[in-house]
Amino acid sequence: HLVESKGGAIACMFLALFFLGTWPALLTMLERRGRLPQHTYLDYSITNFFAALLIAFTFGEIGKGKPDEPNFLAQLAQDNWPSVLFAMGGGVVLSLGNLSSQYAFAFVGLSVTEVITASITVVIGTTLNYFLDDKINKAEILFPGVGCFLIAVFLGFCRFNSSNASDNKAKLSNYTSDYKEVAISSKESDLVKSKDLERGSSSADNVEAGTAVFLLELEERRAIKVFGKSTLIGLALTFSAGLCFSMFSPAFNLATNDQWHTLPNGIPHLTVYTAFFYFSISCFVIAIILNITFLYHPVLNLPKSSLKAYLADSDGRIWALLAGLLCGFGNSLQFMGGQAAGYQQQSLCRHFLCKHFWGVLLFGEYRRSSRKTYIC
């Protein structure tokens, strides 16, 4: 069953906005509560792939297949490997982008990371899809808007980054050393109380967000330690993620529409469900390989882990599994909408506002910051 109406496409995209805007908040929550990102991402990857299988075997098999739109299982046996490779390439870059952004969240925050990655995705992804979709929209309207969007966000980020760093430095410098010792000495009891990640909370949960006490408690508890590290690390990760995100939609576009005519004569284009299946396979494989590697060879001074430790780490697993489902269903919905309305619209329909909302509401980003930071 394919979405063909504009109304159905819009509904898919709006639902995708919520799903894709929510799952990063769950990963951020777990990292801030001390769960290793490798463990979280492995759980997330499993249900993300499960969502793709569920979509393929349900929506991909509904209705009677047509010669130019075969059902999912029928299409698996066809000679469509050029399109399959495009779909799998899209899955690889999406997996790399998601992995980079997971670490960037710790350095520059959920809201800032998503604004920057979304702006890069809009500019590059929309430009590529504009040419792939045979220039169906007016370039003189499309490109000045997305270009100005990127410039404004980049300049705003640079100003915010400098101002926010100054805010945090001022908060910590005004925090007396005696008070630090008292706060840190009480941390062990706080950690015991927060062992249950679904219900537990430490003192950092009860301290007002944005204060020096909050920053110190959060740093002590979180998995990725950021004190003493440059925010340029987060900036580099953010831009890497944005470049990866900007490529997966054009790759998926090529997989489903074959604009470069790589398929043999008589072979139908991949349906969105078949393409998403192959897309998710490569996304899953890359995620598993990299995160198992990171268990034994961690990055950013994270502690070493193992498969045995991962399997035993059930704290917060339900949230990581939920994040994978939200991402998997969200991606399928945005691709279904993009197939009907055009992948330019799908690239423009970004979900950073939802993520920005969660960053401010759940994690207190920008709380008790200076007027300069709020203006940025």
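Quick reminder: no glycine exception, Cβ is built from N, Cα and C everywhere.
Residues annotated as ATP binding site in Swiss-Prot, with sequence analysis given as evidence: A223, I224, K225, V226, F227, G228, K229, S230. For 1-9, 63-80, 125-137, 253-274, 339-376, the entry in Swiss-Prot reads topological domain 'Extracellular', with the evidence type sequence analysis. The feature topological domain 'Cytoplasmic' is assigned by Swiss-Prot to 31-41, 159-231, 296-317. Summarising the annotation, Swiss-Prot assigns transmembrane segment to 10-30, 42-62, 81-101, 104-124, 138-158, 232-252, 275-295, 318-338.
Mapped onto this structure are the features recorded in Swiss-Prot.
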residue	record	Cβ within 10 Å
A223	ATP binding site	19
I224	ATP binding site	20
K225	ATP binding site	13
V226	ATP binding site	17
F227	ATP binding site	11
G228	ATP binding site	6
K229	ATP binding site	14
S230	ATP binding site	11
Helix, strand and coil totals (DSSP H, G, I; E, B; other) for the topological domain 'Extracellular' (63-80): 5 helix, 2 strand, 11 coil
Ranked first among 10-30, 104-124, 232-252, 275-295 for CB pairs under 8 angstroms with the transmembrane segment (42-62): 275-295
Maximum Cβ pairs under 8 Å to the transmembrane segment (318-338) - stretch from the list 10-30, 104-124, 232-252, 275-295: 10-30
Residue distribution over DSSP helix, strand and coil in the topological domain 'Cytoplasmic' (296-317): 8 helix, 0 strand, 14 coil
Cβ-Cβ under 8 Å with the topological domain 'Extracellular' (253-274): same-chain residues at least 6 beyond its ends: 2, 55-56, 59-60, 67-70, 72, 75-76, 78-80, 82-84, 86-87, 90, 128-129, 132-134, 332, 335-336, 338-339, 343
Residue numbers, six or more beyond the limits of the topological domain 'Extracellular' (63-80), whose CB comes under 8 Å of its CB atoms: 1-2, 56-57, 263-264, 267-271, 273-274, 277
Sequence-remote partners of the topological domain 'Cytoplasmic' (296-317) [C-beta within less than 8 Å, at least six residues beyond its ends]: 30, 33, 35-40, 42-43, 103, 195-198, 223-225, 229, 233
Intrachain neighbours beyond the topological domain 'Cytoplasmic' (31-41), with Cβ under 8 angstroms and 6 or more residues off its ends: 98-99, 102-103, 105-106, 191, 194, 197, 218, 221-224, 287, 291, 294-295, 298, 302-303, 305, 309-310, 313, 315-316, 320, 323, 363
